[in-house]
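Working notes, beginning with the structure itself.
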Amino acid sequence: MNPYILATLLFGLGLGTTITFASSHWLLAWMGLEMNTLAIIPLMAQHHHPRAVEATTKYFLTQAAAAATLLFASITNAWLTGQWEIQQITHPLPTTMITLALALKIGLAPLHAWLPEVLQGLDLTTGLILSTWQKLAPFALILQIQPSNSTALIILGLTSTLIGGWGGLNQTQLRKILAYSSIAHLGWMILVLQFSPSITLLTLLTYLIMTSSTFLVFKLNKSTNINTLATSWAKAPALTALTPLILLSLGGLPPLTGFMPKWLILQELTKQGLAPTATLAALSALLSLYFYLRLSYAMTLTISPNTLLGSTPWRLPSTQLTYPLATSTALTICLLPLTPAISALLTP
């Protein structure tokens, strides 16, 4: 792609998200979301592969449906209450409609079906943008409206954690596994949203760091399914040794960064008297942990001739920048000791 066009599209992505962040009026927020969608579509279809074009079409249709629902809900809110302020939304009907539209935007279950299909059709760089940057603007709106319908939020959150765990169990494609992982993490964020928005933000931040490092590892190895992971030891042995730690951090195992948000969320849910919800969420984390362990096993504990379709890759020097990967990997593995400091900052 022409670098000028690429720069324009990335600028559009950044501007769309910034407009949504900065807006207090529903029309401006909607405009920012639309700019975001339109800027990423050429990035998704840039390889002209039928699979990429199909994924782009699916993405465009779902995002357009979500944006139309959001616009309809905000007009309904203006008609019922006479104002367009994002923070002043009081009527239950537009609130519920907006929550569902934003859930469709970010891919929360049961409105998640488009996300694995779309992510599977993209290359890893665009997939990384879709899994991280594209979640920010809708999340900013969800945090601002603070949906009053608590039961709906808990149902959305629990369904997402369960479907995110179950859906990834029988997958062999890495991008689909990451899509289900994304659904499960978003479910955790939504569960605690109404009780502690600051913990939700912390979870979003750790999710962005962990997902970035996972995508960058797969990109360095040029891996798109489990079989190609098994041959990565020949290409980057040190990174292959560290990758299970990144994956187990995504799964939320204790000595790693990913344990921190899950720990704080379970603690908060128990404080609010929602022990059964917390138990279900913790059990669903075990489902996710299984497929992360499967990836770790395939990557570090199998030697490639044992996998039928694996072929040893050429050991060509990689052109990928290693600083982002090194930084995100270090953060993914080492941030847990900062938990007391972060908890102190989060308590009002």
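Including glycine, each Cβ sits where the backbone N, Cα and C put it.
Caution: TrEMBL annotation is automatic and unverified by curators.
The domain 'NADH:quinone oxidoreductase/Mrp antiporter transmembrane' feature in TrEMBL is assigned to 23-286.
Nonlocal intrachain contacts for the transmembrane segment (60-80), taken as residues 6+ away from its ends with a CB within less than 8 angstroms of a stretch CB, comprise 26-27, 30, 33-34, 37, 41, 89, 91, 93-95, 97-98, 100-102, 104-105, 114, 118. Annotation source TrEMBL lists transmembrane segment at 60-80 (among others).
Annotation comment: TrEMBL describes 92-115 (among others) as transmembrane segment.
The transmembrane segment annotation in TrEMBL covers 151-170 (among others). Long-range Cβ contacts of the transmembrane segment (151-170) within its own chain (Cβ-Cβ under 8 Å, at least 6 residues beyond either end) map to 96, 99, 103, 108-110, 112, 116, 176-177, 180-194, 274, 277, 280-281, 284-288, 290-291.
According to TrEMBL, the feature transmembrane segment maps to 177-195 (among others). Tertiary proximity for the transmembrane segment (177-195) is limited to same-chain residues at least six positions away from its ends with a CB under 8 Å from its CB atoms, namely 103, 106-109, 112, 115-116, 118-120, 127, 131, 135, 139, 142-143, 146-147, 150, 153-154, 156-165, 167-168, 171, 203-204, 207, 211, 214-215, 250, 261-262, 264-265, 268-269, 271-272, 277, 281, 284-285, 288, 291-292, 295.
For the transmembrane segment (201-221), the list of distant contacts is 124-125, 127-128, 131-132, 135, 139, 143, 174, 178, 181-182, 185-186, 188-189, 192, 228-229, 232, 235-236, 239, 243, 246-247, 249-250, 257-258, 260-261, 264-265, 313, 318, 320, 322, 324-325, 328-329, 331-332, 335, 342, 346: same-chain residues at least six beyond its ends, Cβ to Cβ under 8 Å. As annotated by TrEMBL, transmembrane segment applies to 201-221 (among others).
If you look up TrEMBL, you'll see 233-253 (among others) marked as transmembrane segment.
The feature transmembrane segment is assigned by TrEMBL to 273-293 (among others).
Confidence across the domain 'NADH dehydrogenase subunit 2 C-terminal' (289-342), taken as the mean pLDDT and rounded to a whole number, stands at 81. Look at TrEMBL and you will find 289-342 tagged as domain 'NADH dehydrogenase subunit 2 C-terminal'.
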Field: Close approaches to the transmembrane segment (92-115) from elsewhere in its chain (Cβ under 8 angstroms; 6 or more beyond its ends)
entry: 33, 58-59, 62-63, 65-67, 69-70, 72-74, 76-77, 80, 134-135, 138-139, 141-142, 145, 147-149, 152-153, 156-157, 159-160, 162-164, 179, 182-183, 186-187, 190
